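Contents: one structure, followed by commentary.
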Amino acid sequence: MGSQTPEDDPQMVEMLMEEPILYVNGIRKVLPNGLAHMTLLEYLREIGLTGTKLGCGEGGCGACTVMVSHYNKSLKKCLHHAINACLAPLYSVEGMHVITVEGVGSRARGLHPIQESLALSHGSQCGFCTPGFVMSMYALLRSSETPPTEEQIEECLSGNLCRCTGYRPILDAFRVFAKKNDCCYGLDASSPSIGDNEFICPSTGQPCSCNSKNDTKTCDKSYEFVSYNEIDGKIFMDKEFIFPPELTLRKPIFLNLSGFKGLKWYRPVSLKQLLELRTKYPNGKLLVGNTEIGIEMRLKRMQYNVLVSVTHVPELNILNVMDDGLEIGAAVKLSELLKVLRKVVMERDSCETSSCSALIEQLKWFAGTQIKNVASVGGNICTASPISDLNPLWMVSRAEFRIINRKGIIRTVAAEKFFLGYRKVDLEDGEILLLVFLPWTRRLEYVKEFKQAHRREDDIAIVNAGMRVILEERGEDLIVADATVAYGGVAPLSKIACQTKEYLIGKTWNHNLLKDTLKILSSDIIIKDDAPGGMVEFRRSLIISFFFKFFLWVTHQADQIKPMNGNIPSSHFSAIKPFERPSVIGTQDYEIVNQGTAVGFPEIHLSSILQVTGEAEYVDDLPLPPSGLHAALVLSQKPHAVIKSIDSSGVKVSPGFGGLFLAKDVPGHNSIGPVIYDEEVFATTHVTCVGQVIGVVVADTHENAKLAASKVQIQYGDLPPILSIKDAINAESFHPDSQMILTKGDVDMCFESGQCYRTIEGEVQVGGQEHFYLEPQSTLIWSVDGGNEIHMVSSTQAPQKHQKYVSHVLGLPMSKVVCKTKRLGGGFGGKETRSAFIAAAASVPSYLLNRPVKLTLDRDIDMMTTGQRHSFLGKYKVGFTKEGRVLALDLEIYNNAGNSLDLSFSVLQRAMFHSDNVYEIPNVRVMGKVCFTNFPSNTAFRGFGGPQGMLIAENWIHRIAIELDKSPELIRELNFQGEGSMLHYGQQLQHCTLGPLWNQLKQSCNFSKAREETDQFNLQSRWKKRGVAMVPTKFGISFTTKFMNQAGALVHVYTDGTVLVTHGGVEMGQGLHTKVAQVAASAFSIPLSSVFISDTSTDKVPNASPTAASASSDMYGAAVLDACKQIKARMEPIALKHNISSFAELASACYAERIDLSAHGFYITPEIGFDWKTGKGAPFSYFTYGASFAEVEMDTLTGDFHTREANVFLDLGYSMNPAIDVGQIEGAFLQGLGWVALEELKWGDRAHKWIPPGRLFTAGPGNYKIPSVNDVPLKFNVSLLKGHPNVKAIHSSKAVGEPPFFLASSVFFAIKDAIAAARAESGHTGWFPLDSPATPERIRMACLDEFTESLVSSDFHPNLSV
């Protein structure tokens, strides 16, 4: 769409010059020499196109997605692809057209239908990831010759991550483009400008000739399709960027360019040129997509002097379908290969394409779309990664690699002999991989792929495999004529099971063969106990499970030719039944209780239009003044050590160096901390964790600053570290004065009295969680009046903390330090306190040099230094009656604070408050301790300790049910608290809605029927199991520290009738500004569009508490309402005196009467307070109640699972904005799902000895996996309880940010339910522990069966960093 075919235009040809060029959003750019080190992302942001974001720098989050278009002369058409700009070298897109989100649509030019649909569907919250989603969808529509299917839409988003929304509204926004007929794209059927037979283009919503068919099928009415009339498609069409005609006529040119530190960049356009370069630079790195080399150079700091881009060598790009197989050029992109493979499978006999089908399936999960669009076949092969998904398949598929040397001599190597060792292949100096030949398979030849990862989508394998067998008929038997079994993730290279291969050949294919082969496999493929990557037992189990699945699959396939299923129970074939994954559907059920002109309406996020167009500004988008410097931190590499010396001699000669600043340079105080001053801005004599800040370096560019920081040489004297909660307990390593206790009744007497039918004791380990806000930590700081004042713009939930830290460190009064925050690209608690030390560090060079300084952390540094959700250890003793009623709870609870107190004391307090969840317990004793460990300080995270306390409670509730052989749901319901219940800390429940909410959920999900259907499924399925669970929650609303429950706001009314609001809360995607604006609009009875929310700024509203604890809408809404009421009271006499027809007229009349139209509002939460000396009080203003149902289906042989359904009910009173509240629920639920089932932090500790001590292994999206689109519950229903106004908060609403998070534990307990069904198959009944997160490893190893019994004992516990 929108492309032109080349025409013979002599004048145009004359204009073409052999200079490197690039088009960006239709504008021609000449690429200067010297930028070979630069990525496309850096270039785009440098020229002011900041809509393209830097989220991770390794192609793992999709925030940097752009579309590139190039003209394919052989196809004579324009091709469009989404790519990751953070990995693409700038010169790799020479001669192409790059379109960024700014080029798709804007407020000034009009929104593209994609952008408008996303905004109207509430698909943008914090907005940082939004441009990437827009561009992925845009590229799909531009590249689709026919409208995409819903499956294709989900697949195109596989490389995009979102931490806020839960993905459902994004999918809803985009599925309107997956039409079944043209009318769904309808401009109005009555529109005279649209002919009867004209096709409406899915990209522009305008008529075009790309499909002339007129499909008249009835539209699917389950979704509201976009009507492009709403934004005037004609106007948009006029502004759509066509492919620049110059580029259709331009011939590819040889590039010889340079970059930083002598880096050379070459782009040959012929095989001859490539071989000449190979002769000249035998050690030069060949690249296509830069997906591996880019990460090596950026993240691993590996240095390459010569890069040769082979993308334009025709001989490396062939893709020929031959009579005997496929010829695949080494530079062929994986997405191109996938298209051809799919076409081949459709056109050829199935017996010929078994290997093609296996490659298709493996490529589907290989990586995100953006990576597949640039990564090449040859690059993946020659990287020789031991976990390559494709290499085992090449090895077993009889593929041949054709290799050419500098002289043009070609030799052929069998794929199975090509891999020689770790990252070592059979390529001699000067040789390159030319092409791959993939032969067709034959009759009775079967090839199958296998892979298990932490996350299905866009994840590296834990173990993968390719397997092939060819059978031949001999009488009644099928005999193995040949076989190859290859694994990845089990050795330093992709490994063939040689003994297994030899054994299989000549044997009859039957069940006896299976048993014997599994025994041989166990000794053939050996993973050492201390193997890098850990998970040794799990990986060993996958070796066996994969072959078992392969045997069943081949048996099933061959049975169509020669019946042989008789000896295998039909239920066993569930192991190979593919999961039928339908498109995600969801319902949102709520009532609209409107109050005034705006409150109660499901308005879209106020910044959503700015966010979908990429015009919303974040800290790193702000331009650095000409005199500005970039900063990078000098970090400790040891978990506990004495600093012996710091050598900065190499730093001073580093390019662009501007200064190194250490503890001795701090002008004020070097000690900092949010509660107590137990941290240092820069370490002085000791370091207590890897990632502790020792100094800061400033330089002229971000890359130069990082380079200079890496040159600081530090000598350490090692000290013994404490690297787990259990280490801390054994060493009695606790933060001072951090032990607390809460009691109710008499626990000891209850246990001793004989009242308890049974008593159980146990431990619960709860893993931590990385915030993974899409926008990394960032601050821009500068001095005013020669250093007399300091101003900063920071990505923080607590501007006042930044103000306080910086004033303290610089020795300035707080009145001279101003911190502003416009919006955050996500926070979740991670930017409450841990962002402040970053501002403090940056303030030192800015103040001393009197120059602006920007400090933005790379993703790996952010994750390594800023702390995570606390891991917890709970030790419980519970007594209960024969019916299951809980009588006594004795709980010891420990959290891992890390190397400073930060907020860990308060996090532990809330965990202790929530350790009863919703259960009535007459006798309670909860003791808590805060552990000091040698990790970066852990901090606030959505739920703030509450989810950990509740998860521990649900574990012992679940155990009671198992002990009594009753339903966990029955035990939960039996023990529910109710109206008037007295909690273990002395607060009495009021307005409790748990009962009706639970009953409505039970009815909505038809739990008894779901239970029955699940049990029936499990009876018929041996290797796939389903589980169901219902879980309740009660979350206390208020800061547990009383003085923090205050809020201020400033409201101005202008004479044109518009209102400006500034308040102390921070917008981070949760819709706080939107709700506050709705409050103001309703207060003045004006439209929402008349209210504008200004930056949060410490010079407007002083002493603001952090935006946290879910209480911001309550408090800042009330403060704004207070200010509005003051102004209204002043306006009222004027309104009574005059005949006023509008609010603008009233404002002008008040101004004429010299009425003050500005007011400061203030609010304090009433009737709260807690005394830790007595352990009694009312720490919470009220409680938000919720409950959820989940159904899962899991593969017991691999641990993979799908959430088939999630049904969530929440009591939010009268919602001020139900659409925003539903978005918060969905986002919290999916984030919670990550916590309980996907996201595992792995630290260098006793449990992970293959990681250096104290170092975070999962420091980036490559190894740390948050939920993706593929993890969304297939049925995702959200309901708000109706008819229950909250008398304790503004407009009868309730807080929503944190309460839904814990409800994802229903998925955890549904998984546990499914595991119990699996264990029962092998005679293991009764209770069993399952740590959180329930990753595939933990799920598989808990499903005890005949394959695991030789690997682990029944009480095996996979390692977990706690």
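Glycine is treated like the rest: Cβ placed from N, Cα and C.
Lifted from TrEMBL, the feature list:
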type: ACT_SITE; residues: Glu1298; note: active site, proton acceptor
type: BINDING; residues: Cys56, Cys61, Cys64, Cys86; note: [2Fe-2S] cluster 1 binding site
type: BINDING; residues: Cys126, Cys129, Cys162, Cys164; note: [2Fe-2S] cluster 2 binding site
type: BINDING; residues: 286-293, Phe366, 376-380, Asp389, Leu433, Lys451; note: FAD binding site
type: BINDING; residues: Gln797, Phe828, Arg942, Ala1109; note: Mo-molybdopterin binding site
type: BINDING; residues: Glu832, Arg910, Phe944, Thr1040; note: substrate binding site
type: DOMAIN; residues: 11-104; note: domain '2Fe-2S ferredoxin-type'
type: DOMAIN; residues: 258-443; note: domain 'FAD-binding PCMH-type'
Cβ neighbours of Gly379 (FAD binding site) where a neighbour is any other Cβ within 10 Å: 23
CB-centroid shell, 8 A cutoff, [2Fe-2S] cluster 1 site Cys56, Cys61, Cys64, Cys86, site residues removed: Leu41, Lys53, Leu54, Gly55, Gly57, Glu58, Gly59, Gly60, Gly62, Ala63, Asn84, Leu87, Gly132, Arg859, Pro1261
Close binding-site residues near Cys61 ([2Fe-2S] cluster 1 binding site), where close means Cα within 10 Å, chosen from Cys129, Cys162, Leu433: Cys129, Cys162
Cβ neighbour count (within 10 Å, all chains shown) around Cys61 ([2Fe-2S] cluster 1 binding site): 30
Candidates Cys86, Cys129, Gln797, namely the binding-site residues, that fall within 10 Å of Glu832 (substrate binding site) by Cα distance: Gln797
Segment confidence, the domain 'FAD-binding PCMH-type' (258-443), expressed as mean pLDDT: 95
Integer Cα-Cα distance in angstrom, Cys56 ([2Fe-2S] cluster 1 binding site) to Leu433 (FAD binding site): 31
Chain-mates of Gln797, Phe828, Arg942, Ala1109 with C-beta within 8 Å of site centroid, Mo-molybdopterin: Gly827, Gly829, Gly830, Glu832, Ala940, Phe941, Phe944, Thr1107, Ala1108, Ser1110, Gly1297, Glu1298
Diameter of the Mo-molybdopterin binding set by C-alpha atoms, the set being Gln797, Phe828, Arg942, Ala1109, in angstrom: 12
C-beta crowding around Glu832 (substrate binding site), within 10 angstroms: 26
Shortest C-alpha distance to Glu1298 (active site, proton acceptor) - which of the binding-site residues Ser376, Leu433, Phe944, Thr1040: Phe944
Rounded to the nearest Å - Cα separation of Leu433 (FAD binding site) and Gln797 (Mo-molybdopterin binding site): 52
Cys129, Leu433 as binding-site residues, winner by CB count within 10 A: Cys129
Candidates Cys86, Cys129, Cys162, Gln797, Thr1040 (binding-site residues) with Cα within 10 Å of Gly289 (FAD binding site): none
Lowest local Cβ density (other Cβ within 10 Å) among binding-site residues: Ser376, Gln797, Thr1040: Thr1040
Residue among binding-site residues Leu286, Glu292, Gly379, Phe828, Thr1040 with Cα closest to the Cα of Cys162 ([2Fe-2S] cluster 2 binding site): Phe828
Cα-nearest neighbour of Cys64 ([2Fe-2S] cluster 1 binding site) within the listed binding-site residues, Cys129, Ser376, Gln797, Phe944, Thr1040: Cys129
Arg942 (Mo-molybdopterin binding site) and Gly379 (FAD binding site), Cα-Cα, nearest whole angstrom: 41
